[in-house]
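Novice: After the structure tokens below, expect a handful of questions from me.
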């Protein structure tokens, strides 16, 4: 790793940088709509369970491997699981890179809406649904995709301390402040209580729906950053005294709290502002299921006392905070890809530029087509479960006892793990991930109107498997080459 002797300057900087990975579009844009479309209260209960039964254990494993190896995914898997599994580290990188490609588009949406707010365009006609439709049918998302990647590139060029840590020390507190202001206003709106009731409404029949279980796990992975490989890379820059368990748990808890707060904000706004808003959110009618945060939150700002000036002010602050929070997550993804390329022998500045160009090219279809964007979100978010399995396999192959002795027990002031943790990693995590994937594959045969075999159908099983196995086959064929390039340059 080109910057392996560099460390985060403080524990606060490390925690805020990990929060930068976790807090972002997953909390604001993704959590409210996924919760609405998957049973609300039942989904939230499962989502909370998976925090303890998937995300936190996996975060601890990922951080431990990262701190031990100080390498990006390919190098980390080689050092823990062996050279035969170089391809598995490549698959982790592939999944995160594909998410990065469309995630940059989301950051661009935030940047565009910040401009709409500052210019006053967001007030024209105040038909926010139409504004969203016009926006994503134009070429603006493509140009904002370019802007977001350019900003991320400039940040990673500054390095781990001068760029990433310094950036997160500003972006994350600013986001928290804006979110708190919005939360206070949202829960005091007329009818907000109805939205909150709907968010936590409980229906036992939802537990029989496979998608509720799968979405609860993948959303928690989306929320916390578990299984992306991002925490792995950042852990390589943590000081020897940095506690993995305590810092990982703090990051996960704070992040899920942000998701709940954003869910309350969006549901309160929907219930208060539009009689059909909450229903539309729940059923995912048309494009609003993807652009819901860009339709109802601007409407929320118009209800603030003080007229158009206050509306523009709060709207500008929120979408700037949204863009900043999402940008902080995106920076970590771009950094992972650039570190991987660097470890494979590409010079640092070329690796950073190449990573940016790769993300730009892969993100073009998502910027121009919301259908393609939705397909990519479905395919690669579920692949995070596979990433989790790879990290679990690597930890078990290396040896949990050795991993704990060399990393976790080396920090005496950190939280000490109970023996139950070993059983969770050895048995529970593999069983729940394989079971959910198997359940998802089986039920997908009957999903999407029997169109599972169509590889160009947005939610078809065929589309998912085609993209996954294309990546698997290519990386497996390149396994020896990946190992040789890694060993030659490290």
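Residue numbers in this text run from 1 along the chain shown.
Just so you know, glycine gets a Cβ as well, placed from its N, Cα and C.
Relevant sequence annotations retrieved from TrEMBL are reproduced here:
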| type | residues | note |
| --- | --- | --- |
| TRANSMEM | 12-31 | transmembrane segment |
| TRANSMEM | 43-65 | transmembrane segment |
| TRANSMEM | 85-116 | transmembrane segment |
| TRANSMEM | 136-156 | transmembrane segment |
| TRANSMEM | 168-187 | transmembrane segment |
| TRANSMEM | 220-237 | transmembrane segment |
| TRANSMEM | 249-269 | transmembrane segment |
| TRANSMEM | 309-337 | transmembrane segment |
| TRANSMEM | 349-373 | transmembrane segment |
| TRANSMEM | 379-400 | transmembrane segment |
| TRANSMEM | 420-441 | transmembrane segment |
| TRANSMEM | 461-478 | transmembrane segment |
Novice: With the transmembrane segment (379-400) as the reference, find which of 43-65, 136-156, 168-187, 309-337, 420-441 contributes the most Cβ pairs under 8 Å.
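Specialist: Stretch with the highest Cβ contact count: 420-441.
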Novice: Which one of these stretches, 12-31, 43-65, 85-116, 136-156, 249-269, has the most C-beta pairs shorter than 8 Å to the transmembrane segment (220-237)?
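Specialist: Of the candidates 12-31, 43-65, 85-116, 136-156, 249-269, 43-65 scores highest.
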Novice: Can the transmembrane segment (349-373) be said to touch the transmembrane segment (12-31) if we require at least 3 CB pairs below 8 Å and skip pairs under 6 apart in sequence?
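Specialist: No, since the transmembrane segment (349-373) and the transmembrane segment (12-31) share fewer than 3 Cβ pairs closer than 8 Å, they do not count as touching.
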Novice: Which of 12-31, 43-65, 85-116, 249-269 shares the most C-beta pairs under 8 angstroms with the transmembrane segment (420-441)?
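Specialist: By Cβ pairs under 8 Å, 43-65 leads among 12-31, 43-65, 85-116, 249-269.
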Novice: Looking only at residues six or more beyond either end of the transmembrane segment (85-116), which have a C-beta under 8 A from one in the stretch?
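Specialist: Non-local partners: 25, 29, 72-78, 122, 131, 135-136, 140-141, 143-149, 152, 227-230, 291, 294, 298, 315-316, 319-320, 322-323, 326-327, 329-330, 333-334, 336-337, 340, 358-360, 362-363, 366-367, 373, 376-377, 379-381, 383-384, 386-387, 390-391, 393-394, 471-472, 475-476, 478-480, 482-483, 486.
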Novice: So are the transmembrane segment (168-187) and the transmembrane segment (12-31) touching or not, going by 3+ C-beta pairs under 8 A with a sequence gap of 6 or more?
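Specialist: Result for the transmembrane segment (168-187) with the transmembrane segment (12-31) is yes.
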Novice: Considering only the recorded stretches 12-31, 43-65, 136-156, state which has the highest number of Cβ pairs under 8 Å to the transmembrane segment (309-337).
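Specialist: Comparing 12-31, 43-65, 136-156 against the transmembrane segment (309-337), the winner is 12-31.
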Novice: So if I exclude everything within five residues of the ends of the transmembrane segment (136-156), which remaining residues of that chain have a CB under 8 angstroms from its CBs? That is, six or more out.
Specialist: 104-105, 107-109, 111-112, 163-164, 167, 287, 291, 323, 327, 330-331, 334-335, 338, 352-353, 356, 359-360, 363-364, 367-368, 370
Novice: Using Cβ atoms and a strict cutoff of less than 8 Å, what residues sit near the transmembrane segment (12-31) while being 6 or more residues removed from its termini?
Specialist: 103, 106-107, 110, 161, 164-165, 167-169, 171-173, 175, 219, 222-225, 228, 230-231, 234, 238-239, 242, 247-248, 250-252, 254-255, 258-259, 262-263, 292-293, 322, 325-332
